[in-house]
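Student: Structure below; questions to follow.
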Amino acid sequence: KCRDKLNYSRPLTHGKACPSKDFQCRNGKCVAPIFVCDGDDDCGDASDEEKCSAPTCGQHEFHCNDSECIPALWSCDGDPDCKDKSDESMERCSRRTEPQKPRCLVSEFQCGSGECVHLNWKCDGDPDCKDKSDEANCPLLTCRPDEFQCGDGSCIHGTKQCNKVHDCPDYSDEAGCVNVTKCDGPKKFRCKNGECIDSSKVCDNVKDCKDWSDEPVECGLNECADNNGGCSHICKDQRIGYECDCPSGYKLLDKKTCGDIDECENPDACSQICINYKGDYKCECYEGYEMDPASKTCKAVGKSPYLLFTNRHEIRRIHLLKSEYTQVVPTLKNAVALDVDVSTNKMFWCDLYHQKIYSAYINKASDSSQQVTLIDSLHSPEGLAVDWVHKNIYWTDSGNKSISVATGDGRKRKMLITTELNEPRAIAVDPHQGFMYWSDWGGQAKIEKAGMNGVDRQILVSEHIEGPNGITLDLSNRRLYWVDSKLHLLSSVDFNGDNRKVLLSSHHHLGHPFALTVFEDRVYWTDLEDEAIYSANRLTGHDVAKVAEDLNNPLDLVVFHEQRQPKGPDTCNMGTLPNGGCEYLCLKAPQITDHSPKYTCACPDGMELGPDMRRCAISNTTTTTPTTVATTTTPSTTTTTTTTTTTTTSATTTLPPTAKTTTPAPPQTTRSGRITEHPRTPAATSTETTSLSSTSQKSTSTHTPLLAAVAPNIPILATVVIGLLCTGGYLVWRNWRRKNTKSMNFDNPVYRKTTEDDDDEIHIGRQSESIGHVYPAVSGSHSQPFIALPLGGHTKFEKRSTNQDEGLSRNTIYLAETINLSNAISGLP
């Protein structure tokens with residue numbers, strides 16, 4: 001819509017005759033004839049517009065009230081084009097009844113303001129027309145909680161988000177997913193739907209992105225020309241949009257304003273929240289925490305926190321404030337993984353020897369009759385995590401290389417991830433955002449994350465990592481911490497795998513770290529080589545302190561406090577339908593975008609969701625189940641593996657709501673419940689061998705050749721039998737000797753046996769009064785770390801004098817002689 005007049009640079013004369021081709025105004029000015037009767041007062045006295053006949057507009061033009069002609073399409077397009085704005089008058093535009101001939105393509109939407117936009121942009125929640133007509137009169141579409149809302153308002157099932165298939169018409173179900181094509185480098189442009197095109201194709205009037213996001217209305221607009229784009233210093237115009245920049249020595253504070261160095265970038269500045277001011281800053285705490293006026297750190301509000309940890313044969317408790325040491329669960333076989341549900345006061349643990357997952361209320365866990373078996377028939381369960389919001393449990397199994405989920409009562413279970421796992425170890429969950437995280441120390445060591453329903457899997461850490469053991473989440477600050485037993489590192493990243501930081505590198509304090517947890521400003525970890533629990537500042541890795549020592553294979557540990565498990569809505573039970581309407585499992589879905597489903601339904605292994613995506617049907621896929629059969633021969637043993645292929649047809653079935661999951665028994669072969677290789681627990685093997693007798697498959701047709709093969713080897717058989725008898729006799733003698741031998745244990749001088757309650761507590765006396773919220777055995781204090789002994793059995797104490805000759809300032813040492821030795825060493829291999 002050009003309105004510029006031709007620039008005749010002819011001087012205007014006064015009092016003289018104008019050239020023959022010019023028009024002389026009444027006031028003596030001379031103007032070009034083209035300016036006469038053009039609707040503009042060029043003379044200044046309007047004499048060039050007198051005695052003008054009404055102009056005749058063309059067939060496709062609109063006649064303005066001031067006699068101006070404009071294209072007819074410009075009339076009633078929301079943009080005044082006549083100088084008197086008569087083309088947009090309410091009287092004219094409200095009376096238009098003639099249908100306008102569409103100027104847009106079938107795949108386009110014509111805005112009320114005249115322009116054409118992609119049809120998928122209509123009712124997508126983002127106004128693209130100048131008059132926002134593409135978002136007018138849109139229906140208020142609401143999707144089910146287990147569905148994903150596409151950009152155009154349509155709904156698809158939540159499991160179809162980030163499945164590498166474009167299910168939404170506008171491809172919005174794959175936007176923001178990690179599995180979309182990566183656009184690396186300045187010469188690449190990422191479309192809104194995840195596609196990747198060359199940046200040279202942006203704003204070239206050719207719609208290369210399927211969602212047309214490479215040709216937005218901002219193309220050709222120089223935002224920097226208007227008030228420098230709002231930038232305080234440098235504005236750089238780009239093909240789409242613009243960006244602000246700063247001169248050397250400055251940096252962007254809010255994407256527009258340049259400022260000096262931000263003190264809040266220093267991790268030591270604040271415990272949690274840092275607010276920067278000009279020349280100063282302020283520290284604040286998240287909800288549920290309060291600022292300690294003495295230490296200026298954030299302390300959790302609520303009950304006193306304590307550590308729970310397992311040393312294979314027991315689960316013990318260390319109070320972080322009261323300085324109490326307690327036995328919680330005695331006489332276990334090989335407990336390697338541990339987690340809690342603070343709201344219900346329950347604890348869960350994996351026993352590698354029994355290949356099961358157990359649960360119990362913490363105050364009743366010492367009674368074996370109160371310990372409930374939740375999951376059995378496992379192989380090597382080594383990691384455990386509790387979803388305290390939706391009441392599910394997740395675990396890793398390095399034996400069958402899987403990650404599984406079950407309800408809190410163990411009635412319903414399912415394998416979520418069974419591919420590309422080598423040695424899955426620790427696992428942690430974020431039930432608020434719907435993600436789970438796990439470590440894998442196999443050949444290609446890594447830390448991964450996926451939705452708690454198994455979708456949108458991605459690798460967070462894969463470089464400079466060799467033996468990732470324990471992992472833990474700091475939900476308040478959204479960081480993941482892990483320990484590497486091969487590189488002897490304590491590190492952290494954010495939940496997207498960025499901003500990686502090594503907090504501590506030490507062969508001394510990280511000789512063989514196994515598990516870790518974080519609380520307030522401290523990170524705690526167990527170390528197998530030093531048989532101790534350490535802590536350090538979670539921000540800097542400084543102030544390393546030994547919390548407890550002489551623990552004999554300390555493995556997993558957790559902090560029990562309500563702030564470690566912040567409350568959140570149970571999305572599976574927010575509506576009118578119980579369990580989200582799911583027939584089997586209801587699992588939290590990852591919150592990738594605002595339109596992500598809140599949850600999705602899942603079926604047991606061997607079944608799949610039916611057409612309604614809530615009920616289960618028998619899977620029609622072909623499954624291959626490996627079956628291992630151990631065949632014993634002499635003199636060597638051969639293991640033969642056969643494969644059974646089972647094909648089933650699809651049929652809808654209804655599952656009883658309370659029916660337990662049927663899990664096939666593990667193959668009858670040598671089962672090893674152990675932690676192996678470098679990152680695993682040393683000396684923690686417990687092997688249970690079950691062999692298939694060859695005589696169980698007797699056949700008359702095989703007797704003769706079998707005897708013929710065995711007869712020459714009778715001397716060897718006799719030697720083997722005699723050797724087995726001798727070994728059995730030695731084991732019986734050793735067991736008898738162990739039961740009839742007393743052992744002497746030297747306890748820590750600060751332990752005092754008490755008989756309060758039934759928790760078999762040991763209180764640790766303080767040498768000085770603590771001020772504020774102080775942990776025991778932190779660096780710089782006079783408190784000594786815990787020295788742990790077996791807590792089972794009856795103990796009598798005798799006093800011994802200390803050795804003063806060495807110049808050591810020691811306290812009185814108590815000699816603890818364990819009478820009931822069987823409780824103390826129960827479960828040792």
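Each residue, glycine too, has its Cβ placed from N, Cα and C.
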Student: Need the cross-check against TrEMBL: the disulphide partner of CYS191, picked from CYS162, CYS168, CYS209, CYS219.
Tutor: CYS209
Student: Any residues 6+ beyond the ends of the repeat 'LDL-receptor class B' (391-433) with a Cβ under 8 Å from its own?
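Tutor: Distant Cβ neighbours of the repeat 'LDL-receptor class B' (391-433) are 337, 339, 341, 348, 350, 357, 359, 373-375, 378-385, 439-444, 450, 452-454, 457, 468-473, 475, 480, 482, 495, 515, 566, 568, 570, 584-585, 587-588, 590-591, 602-605, 658-661, 663, 671-672, 677, 679.
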Student: Mean pLDDT for the repeat 'LDL-receptor class B' (345-390), as a whole number?
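Tutor: In the predicted model, the repeat 'LDL-receptor class B' (345-390) has a mean pLDDT of 95.
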Student: Mind tallying the repeat 'LDL-receptor class B' (345-390) by DSSP state, helix then strand then coil?
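Tutor: Secondary-structure composition of the repeat 'LDL-receptor class B' (345-390): 6 helix, 23 strand, 17 coil.
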Student: Can you tell me the CA-to-CA distance separating CYS209 (disulfide bond) and CYS104 (disulfide bond), as a whole number of Å?
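Tutor: Taking the Cα atoms only, CYS209 (disulfide bond) lies 19 Å from CYS104 (disulfide bond).
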Student: Just to confirm: which same-chain residues, 6+ apart in sequence, have a Cβ under 8 Å from the Cβ of CYS123 (disulfide bond)?
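Tutor: Set apart from CYS123 (disulfide bond) by at least 6 residues yet with Cβ under 8 Å, we have ASP134, GLU135, CYS138, PRO139, ASP152, GLY153.
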Student: How many other Cβ atoms are found within 10 Å of the Cβ atom of CYS18 (disulfide bond), counting all protein chains shown?
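Tutor: The answer is 17.
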Student: Just how many other Cβ atoms lie inside 10 Å of the Cβ on CYS37 (disulfide bond)?
Tutor: 17
Student: Measuring Cα to Cα, how far is CYS143 (disulfide bond) from CYS150 (disulfide bond) in Å?
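Tutor: Answer for this pair: 10 Å between alpha carbons.
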Student: Any idea what the Cα distance is from CYS111 (disulfide bond) over to CYS104 (disulfide bond), rounded to a whole Å?
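Tutor: Computed Cα spacing between CYS111 (disulfide bond) and CYS104 (disulfide bond) is 9 Å.
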